[in-house]
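Note sheet for the following structure.
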Amino acid sequence: MNPLAQPIIYSTIFTGTLITALSSHWFFTWVGLEMNMLAFIPILTKKMSPRSTEAATKYFLTQATASMILLMAILSNSMLSGQWTMTNTTNQYPSLMIMMAMAMKLGMAPFHFWVPEVTQGTPLMSGLLLLTWQKLAPISIMYQISSSLNVNLLLTLSILSIMAGSWGGLNQTQLRKILAYSSITHMGWMMAVLPYNPNMTILNLTIYIILTTTAFLLLNLNSSTTTLLLSRTWNKLTWLTPLIPSTLLSLGGLPPLTGFLPKWVIIEEFTKNNSLIIPTIMAIITLLNLYFYLRLIYSTSITLLPMSNNVKMKWQFEHTKPTPFLPTLITLTTLLLPISPFMLMIL
């Protein structure tokens, strides 16, 4: 990619997300989504290869289809209500179409087929943007229309997403696919609590971004994309050996790490609304998510593959570029739970 084009592309993505998040008019919301999508495609194809081209094509076709459904829903809603503002989305069928379009953009089940493949076909840092920044615009739309959403449909999509993300991550050796399936699971938790308490969705999104960013930065330091490469971390970057397992356990939601906080407050919110069966199902299915993280940690940190003495001394010659925000992110990933009462008080 031309270095001169990078500032333009990244500023377009930032502007598109900002327009969508701050706009209350459906047309400008749609324009922001389109800016975001078209500017992100060059990032996916930064390293030209058949795999990246395939990933960009899948991303474009999925997002374009979702945008078409969204535009159809916007036009239908404007014809029925005579309004273009997002707060007037009270008609049933346009609201259902908007939910399906946003579920497709977020990669929720049963529209999740593109997320693992696109993430696997991109570099680590492009995958980080795909699984974090690209979620902001659709979630901001869902947040603004949360009062008019169909609760039963949203809960169905959420449980399906948790099931797809938890079962899909089993038997995976590619780390990017594992993080993609984890993202699908987290989207299910976020959308499940949205009709009851939208602020909890924002809290969940914030913690999810912190955890995912930390995981991708740690993997990028070691250039680890598979389980085998991750198992060689100890002899390249010794100080990463305890940090990667703790980050993965936090992503899996193991207490007392930070990743347990969203699940804790979401289950509490469901309990306040006299709903016990749904959070129980969600929590039980999510145990599969924690299981494949535990298995990944066991195979990479506890077991030791046979290797020569020359490989064992490799850590003496490894030099990595400093990552300024990584210590702060690691601290937030593991130790944010004790200050959770203060965070909940703000919300």
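Every residue gets a Cβ built from N, Cα and C, even glycine.
Copied over from Swiss-Prot:
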type	residues	note
TRANSMEM	13-33	transmembrane segment
TRANSMEM	60-80	transmembrane segment
TRANSMEM	96-116	transmembrane segment
TRANSMEM	123-143	transmembrane segment
TRANSMEM	149-169	transmembrane segment
TRANSMEM	178-198	transmembrane segment
TRANSMEM	201-221	transmembrane segment
TRANSMEM	247-267	transmembrane segment
TRANSMEM	274-294	transmembrane segment
TRANSMEM	326-346	transmembrane segment
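Across 60-80, 178-198, 326-346, stretch 178-198 shows the highest tally of CB pairs under 8 A with the transmembrane segment (274-294). Only sequence-distant pairs (6 or more apart) were considered; of these, at least three Cβ pairs between the transmembrane segment (178-198) and the transmembrane segment (96-116) are under 8 A, so the stretches are in contact. Sequence-distant residue pairs (6 or more apart) of the transmembrane segment (96-116) and the transmembrane segment (149-169) include at least 3 whose Cβ atoms are under 8 Å, placing the two stretches in contact. A contact links the transmembrane segment (13-33) to the transmembrane segment (123-143), because at least 3 Cβ pairs that are 6 or more residues apart lie under 8 A. Among residues of the same chain six or more beyond the transmembrane segment (149-169), those with a C-beta under 8 A of the stretch's C-beta atoms are 92, 95-96, 99, 103, 108-110, 112, 116, 142, 177-178, 181-189, 191-192, 194-195, 278, 281-282, 285-289, 292.
Listed as Cβ neighbours of the transmembrane segment (326-346) (distance under 8 Å, sequence separation of 6 or more from its ends, same chain) are residues 203, 207, 210-211, 213-214, 217-218, 221, 243, 246-247, 250, 255-261, 264-265. Panel annotation: around the transmembrane segment (123-143), residues 13, 16-17, 20-21, 29, 32-33, 36, 40, 43-44, 46-47, 59, 86, 98-99, 102, 105-106, 115, 149, 176, 179-180, 183, 187, 190-191, 194, 198, 201-202, 205, 208-209, 212-213, 216-217, 219-220, 223, 225 of the same chain, lying at least six beyond its termini, place a Cβ under 8 Å from a Cβ of the stretch.
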